[in-house]
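Engineer: Mind having a look at this structure? Questions to follow.
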Amino acid sequence: MNPNQKIITIGSICMAIGIISLILQIGNIISIWVSHSIQTGSQNHTGICNQRIITYENSTWVNQTYVNISNTNVVAGKDTTSMTLAGNSSLCPIRGWAIYSKDNSIRIGSKGDVFVIREPFISCSHLECRTFFLTQGALLNDKHSNGTVKDRSPYRALMSCPIGEAPSPYNSRFESVAWSASACHDGMGWLTIGISGPDDGAVAVLKYNGIITETIKSWRKQILRTQESECVCVNGSCFTIMTDGPSDGQASYRIFKIEKGKITKSIELDAPNSHYEECSCYPDNGTVMCVCRDNWHGSNRPWVSFNQNLDYQIGYICSGVFGDNPRPKDGKGSCDPVNVDGADGVKGFSYRYGNGVWIGRTKSNSSRKGFEMIWDPNGWTDTDSNFLVKQDVVAMTDWSGYSGSFVQHPELTGLDCMRPCFWVELIRGRPREKTTIWTSGSSISFCGVNSDTVNWSWPDGAELPFTIDK
């Protein structure tokens with residue numbers, strides 16, 4: 001074979017190999033395309049597009065080694081359509097209270113980045129429930145937690161996180177600078193109310209969907225303050241109560257009607273010989289019921305009920321099962337303030353059912369320890385101390401604190417009634433536990449059910465002191 005023939009032969013072989021390789025590559029591409037079509041042909045692409053991918057990252061140093069923890073969750077999409085929460089349903093009939101959430105924030109905070117907080121409360125939209133809380137601008141087990149027993153400081157802020165989660169910098173949303181606060185959802189957006197400033201000139205800042213819409217200046221220059229629990233929204237209007245004046249004498253109390261963050265009406269209560277602070281409010285059949293704290297002279301709780309025009313009625317829970325702390329032993333009640341052990345108090349709540357009332361209270365008469373729910377079938381109007389049901393949720397030996405009401409609207413639950421719920425603050429640290437340099441709390445919550453429940457204790461459970469305290 002001469003050289004020219006060799007060149008032609010080698011070229012032909014190379015061309016043949018190239019053609020075969022090209023055919024194989026084309027076949028491979030066709031095979032992949034067909035396989036992909038078979039796998040995806042019957043799937044609902046809309047469902048995939050409606051998913052939300054949420055990635056949480058936490059970076060820290062462990063024994064001089066850098067650790068990055070990444071947790072990716074694929075969450076099925078929710079219908080986020082806005083709607084006006086009607087608020088015109090009656091309270092659901094219930095037989096007791098089922099545990100709903102527990103955040104264990106103090107226990108987790110011994111080794112994790114958890115905010116120092118107090119005054120937690122819960123509020124729900126038609127899509128979710130969130131825990132709101134007042135931070136101290138500090139983390140547990142850190143030097144800035146020192147002295148956080150103080151109620152009012154420029155470092156405090158209203159923040160929120162998903163219910164049941166320990167409040168941390170990684171899951172919390174800033175809401176407002178505040179040392180007293182409230183928040184609620186009208187079905188279209190969050191209304192937040194944050195009070196901050198000096199005792200003799202504090203200002204309440206109203207925000208709607210995060211934008212400042214209104215301010216309210218202290219009118220008595222004596223520590224303007226609000227609910228420390230959720231406000232109430234009915235048919236697009238939201239309602240809150242504020243107090244200004246002495247904590248141990250006659251003060252001034254105003255109800256505000258707010259629409260999309262703007263005040264449309266306000267009135268001052270004509271309530272001589274009554275004291276209203278830190279009201280726990282809920283909607284019921286289109287009206288608003290608030291059960292409050294008398295820090296002046298009542299060991300039973302005052303109430304105010306009003307409609308959307310702010311026409312109101314006032315009174316005190318008549319039952320001889322007293323709801324405040326401190327308080328006397330149960331006995332003869334009154335529809336006026338019960339003056340025995342009536343000074344001071346603690347934020348609390350009750351739910352009215354006709355002439356009956358569910359009363360939430362500490363188990364101790366004199367300190368913020370333990371918690372129980374009591375059903376008095378005639379307690380709203382009668383003064384005896386007879387009751388039918390008592391459900392324990394925190395043992396007498398464990399610390400409790402503030403408590404308050406919140407509701408779940410039918411738009412959230414799918415029920416045809418308003419589900420009553422409550423939360424309990426579990427305070428730890430100072431002033432009672434003097435081995436610590438800080439004051440903070442965790443929280444638990446319960447919702448009313450018309451089925452079986454249980455007596456038990458769900459305490460905070462943290463072992464003190466922490467490293468920073470030693």
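Cβ atoms are placed via backbone N, Cα and C, with glycine included.
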Engineer: Suppose a student reads Swiss-Prot and sees Asp294, Gly298 listed for Ca(2+). Which of Asp270, Asp284, Asp311, Asp324 should they find annotated at that same site?
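Structural biologist: My reading of Swiss-Prot gives Asp324 as the candidate in that site.
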Engineer: Per Swiss-Prot, which one of Arg173, Arg293, Arg301, Arg352 shares the substrate site with Arg118, Arg152, Glu277, Glu278, Arg368?
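Structural biologist: Candidate listed by Swiss-Prot for the same site: Arg293.
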Engineer: The disulfide recorded in Swiss-Prot for Cys421 goes to which of Cys335, Cys447?
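Structural biologist: According to the record, the bonded cysteine is Cys447.
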Engineer: Below 8 Å Cβ to Cβ and six or more residues apart, same chain only. Which residues does that give for Asn285 (N-linked glycosylation site)?
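Structural biologist: Result: Asn88, Ser89, Ser90.
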Engineer: Including all protein chains displayed, how many Cβ atoms other than that of Asn365 (N-linked glycosylation site) lie within 10 Å of its Cβ?
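Structural biologist: Asn365 (N-linked glycosylation site): 17 neighbouring Cβ atoms within 10 Å.
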Engineer: Given the model, what does the mean pLDDT over the topological domain 'Intravirion' (1-6) come out as?
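Structural biologist: Result for the topological domain 'Intravirion' (1-6): average pLDDT 60.
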Engineer: Can you check what DSSP calls Asn365 (N-linked glycosylation site), collapsed to helix, strand or coil?
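Structural biologist: In the DSSP reduction, Asn365 (N-linked glycosylation site) maps to coil.
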Engineer: Out of Asn146, Asn365, Asn455, which of these glycosylation sites is nearest Asn235 (N-linked glycosylation site) by C-alpha distance?
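Structural biologist: Nearest listed residue in space: Asn455.
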